[in-house]
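Database features, via Swiss-Prot:
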- 308-313, 399-400, 518-524: UDP binding site (BINDING)
- Asp399, Asp401, His518: Mn(2+) binding site (BINDING)
- 1-301: region 'GT2 domain' (REGION)
- 302-556: region 'GT8 domain' (REGION)
Amino acid sequence: MLVDDKITVIVPVYNVENYLRKCLDSIITQTYKNIEIVVVNDGSTDASGEICKEFSEMDHRILYIEQENAGLSAARNTGLNNMSGNYVTFVDSDDWIEQDYVETLYKKIVEYQADIAVGNYYSFNESEGMFYFHILGDSYYEKVYDNVSIFENLYETQEMKSFALISAWGKLYKARLFEQLRFDIGKLGEDGYLNQKVYLLSEKVIYLNKSLYAYRIRKGSLSRVWTEKWMHALVDAMSERITLLANMGYPLEKHLAVYRQMLEVSLANGQASGLSDTATYKEFEMKQRLLNQLSRQEESEKKAIVLAANYGYVDQVLTTIKSICYHNRSIRFYLIHSDFPNEWIKQLNKRLEKFDSEIINCRVTSEQISCYKSDISYTVFLRYFIADFVQEDKALYLDCDLVVTKNLDDLFATDLQDYPLAAVRDFGGRAYFGQEIFNAGVLLVNNAFWKKENMTQKLIDVTNEWHDKVDQADQSILNMLFEHKWLELDFDYNHIVIHKQFADYQLPEGQDYPAIIHYLSHRKPWKDLAAQTYREVWWYYHGLEWTELGQNHHLHPLQRSHIYPIKEPFTCLIYTASDHIEQIETLVQSLPDIQFKIAARVIVSDRLAQMTIYPNVTIFNGIHYLVDVDNELVETSQVLLDINHGEKTEEILDQFANLGKPILSFENTKTYEVGQEAYAVDQVQAMIEKLREISK
């Protein structure tokens, strides 16, 4: 057991002669012995002082302090002013703690390198003589919070978690958190005022779902006469919380909803208690009116994003939505479709509420569009109906084979002037066909213009005439109608992965990835063996749980550290034109912590594709002419394994050699000399050991 750190236990005392012995007994018998007990007698008029002196003479670890009556907050502050421990905990003098209370919290705060360890509690109702246990014996768990997610749990009523989190007792704090903080004097609900400041100062909080603290409900303590003071006690701490969080730039949606409920409760109880004519009641009524007005204003200011798809694309739709919600708030999604179940829409709306967002069900009958010719899917024509459904003057249309990696406020702030839309140039159209057109996968739509000009009908009319005469379905139609009438956006806002080689594009400063990554072509990242750049980005968003989306509190752009929070995987590249790769299965099986990327400019055989049964193998299939994929493979691989038989891709070997990256080969596979480290085939174990050494 660790005993190096001294832990201070602060006990404020006032007229608790009937309870004090049990409290102090529970502290001096703690299994963790390196404690100091600061007992502050706040002017007691009963025998509490004598009991304190008796215990201080019995246990040298007790520091006994007497002061004139100044209240609970002042007594706790006196304890803080006189503590010498590295950690501090508070125990109210009418309560008691479990024998392993200090030891358990201390072990966890050290194990998790946290700033605060929080336990739960059970209650003893003195009037009833009954214990109330909020946690079942088999429901123990530990959960880590940061200084934002902890606030989301202050409203968690299950297992009385919210009370456990907001109370001063039941926690072990790093003492340094109180260097500039003290309890507010003269305020009801002082625990809440202090803890929300302490949580903001912390970086990590570990919560233990275990009852370690016994909270006594004394006779008469439940009776409350509703007064102006109690109205302020309920609302003011919440008001301060919102102010603190707003100043830190944290999301406020959930906190504002709770604040609104507290105002309603205070006003209802105030009216029932005859306080309707008081200044406090009128003040709270005004706050409620302003809050309702603000809510209506925020509702009208949601940013409109339009998606169009059929239900067979549900995974892709969800991935696109997740990527948007990870970096944005206050979004009104319009899903234009013909076959999404209403239940799916309802369930998704429950998810989106947490992001101050919603999804609008925009159903179009398939007969309206299925008659049109398209080489992709008739759903590409669904964007025609934007003006019929969207109420906002500006809307962002997004294809669902893309992800968003940053906040979109700057894009929405684009001045469209009198243009019907803004879009990114289709650099593939320029390179392959000599056409100066825009790509229709990302469109910032001047919806006020579209409504005024009845663009839905115009698009349908042009499509009726031309849909079977053009080669790119809706994109050709849109470019015909808006020729020379569109505002050009930066390639960053529609980074088509197969077009980067044609665009003069550099990542903007502060971004690890393009703002919007568009996986155009048949090489979709969700398809097996479909090689493309930024494949891991799509899978990152796809794999995010909804509870994880809210963790990007400051709405930062996607960073490589998000995808690889510990470290990027050590990767070996094999670039081959043959499925005969020497000792490949032995290497893959022996080195499960190393990633193997097998790339081929030709279509790989079934034999080689079978290697994807191993979780540390990725196949890059048929990547001829995909220069950016080659560059990504070279950049993200630490070792080149020249272990394939047959034709060599000499430029890849040269790139690794010029970069000074290791190249390992077998003697029977080395046919092009670039300074490889070669092994005999029967020395595969030596190659394995070499790779282990390099990977460290």
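Cβ atoms are placed via backbone N, Cα and C, with glycine included.
Shown here: features listed in Swiss-Prot, placed on the structure.
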| residue | record | DSSP (3 states) |
| --- | --- | --- |
| Ala308 | UDP binding site | strand |
| Asp399 | UDP binding site | coil |
| His518 | UDP binding site | strand |
| Lys524 | UDP binding site | coil |
Which of His518, His522, Lys524 (the binding-site residues) has the most other Cβ atoms within 10 Å? His518
Apart from Asp399, Asp401, His518, which residues in this chain have a Cβ no more than 8 Å from the mean position of the Cβ atoms of those residues at the Mn(2+) site? Leu398, Cys400, Leu402, Gly441, Val442, Tyr519, Leu520
Can you tell me how far the Cα of Ala308 (UDP binding site) sits from the Cα of Asp401 (Mn(2+) binding site), in Å? 11
So if I measure Cβ to Cβ from Leu520 (UDP binding site) and keep only same-chain residues at least 6 apart in sequence, which ones fall under 8 Å? Asp401, Gly428, Asn439, Gly441, Ile496, Val497, Ile498, His499
If you average the pLDDT over the region 'GT2 domain' (1-301), what number do you get? 86
Other Cβ atoms within 10 Å is the metric here; tell me which of the binding-site residues Ala308, Asn310, Gly312, Asp399, Asp401 scores highest. Ala308
